[in-house]
Amino acid sequence: MSATSRIAPPRGGLDAFPAPSRATTIRRIVWLAIALVAVLALPWFVYPPVAMDIAAWALFAMSVDLLLGYGGLLSFGHAAFWGSSAYFTGWIASHLGLPFPLAILLGAVAAMVLAVPIGLLSVRRSGIYFAMVTLAFAQMIYFVANQASVVTGGENGLQGVPKTFFGIEAIETESFYFYYAAIPIIIFGAFACWRIVHSPFGRVLSGIRDNPARVRALGYDVERYKLIAFVLSAGIAGLAGGVFAISHGFVSLQEVDWTTSGKVVLMTVLGGMGTLWGGAIGAAIIVLLEDYLSSAGFDGIGIITGAIFIVCVLLFRKGVWGTVAGLVERIRGRLPARRRPDPDDGIDAPDSVTATDTPHDESQSEAPR
């Protein structure tokens, strides 16, 4: 058996998966519209820099959920991609003077390139072993960033990152206008996550999460799918990290520290794994809570977030989004069911075929010559 036949998908390929129903498509469009309105209205109700932080962390959490919730891979090293993209974006914007959207895209590409060798060495492991391998690589990136002070600024960080945007002064100086200039990048990353998980690739990825042995028996190359998901997740995390760097005008070692990886995992679990939008909700909760506690002069933010994580794991294992969705399903289950079509109405009733329809059906059932 050749290598190509060993990794080839079943007959029909990924296109063999059924398309979503019309009701499902409409429901998805409605939710996307609601999310879009909420994102565009956010800086009117929240201080714009905080709103930008919510958007960046939300995209970061969605990238982790793409890998954890849909691929079953817990990465404790995703700060490596968030932080490396932030450094790369900040350096390009500072030294080359490129408009920040282009700098952010190049930073995301750099994160994906970095993810390839890390993924090749990580995806062959699973569970706690995968988490520890990714954590080890992230710590290596942290020490490199700390030692390469000529490029990264070391412990002082990379300072003076400009918000260059084709010479438009209002966007470069006002955080409110900057939000609307940068939010299309966040929307693009969120749409990419949504499109991935609702594609045939996403369905195979979910199958790998649930039963990798069965997916491998069907003919799919499990490690290859894991690697692609890992690289895509890193690229989306890189987009978020680049936006964060431009928004703050500063990149510190904190962005590549393991605590950043733990923080985004907390956001994902709090919002609900395997829901995609749950990560965004978890990010909003944590960022708003941190902003409120810091403005109130409270120093034990880590204690509060840790307590929230414990409560979520013990009492709300499905997260905020999953718990709310479960309650909605229970309410819908208690409502009276819709009346099904009566077979006498002639709708989807094969047993109600009349004698006049028999010749037509027999001609339809003839075997092809």
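Placement of Cβ uses the backbone N, Cα and C atoms for every residue, glycine included.
What TrEMBL annotates here:
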- 358-369: compositional bias 'Basic and acidic residues' (COMPBIAS)
- 337-369: region 'Disordered' (REGION)
- 29-47: transmembrane segment (TRANSMEM)
- 54-80: transmembrane segment (TRANSMEM)
- 100-121: transmembrane segment (TRANSMEM)
- 128-145: transmembrane segment (TRANSMEM)
- 177-197: transmembrane segment (TRANSMEM)
- 227-246: transmembrane segment (TRANSMEM)
- 266-289: transmembrane segment (TRANSMEM)
- 296-316: transmembrane segment (TRANSMEM)
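If you count C-beta pairs under 8 angstroms between the transmembrane segment (128-145) and each of 54-80, 177-197, 227-246, 296-316, the highest count goes to 54-80.
Long-range Cβ contacts of the transmembrane segment (266-289) within its own chain (Cβ-Cβ under 8 Å, at least 6 residues beyond either end) map to 31, 35, 46, 50, 53-54, 57-62, 64-66, 68-70, 190, 193-194, 197, 301, 304-305, 308-309, 312-313, 318-323, 325. Note: the stretches the transmembrane segment (29-47) and the transmembrane segment (296-316) are not in contact (fewer than 3 CB pairs below 8 A, sequence gap of 6 or more). Panel annotation: around the transmembrane segment (100-121), residues 77, 80-82, 84-86, 88-90, 92-93, 133-134, 137, 141, 162-165, 181-182, 185, 226-227, 230-239, 241-243, 245-246 of the same chain, lying at least six beyond its termini, place a Cβ under 8 Å from a Cβ of the stretch. Counting residues 6+ beyond its ends, the transmembrane segment (227-246) has Cβ neighbours under 8 Å at 52-53, 55-57, 59-60, 62-64, 66-67, 70-71, 73, 75, 78, 81-90, 93, 100, 103-105, 107-112, 114-116, 118-120, 122-123, 158, 161, 163, 182, 185-186, 188-189, 192-193, 196, 201, 205, 255 in the same chain.
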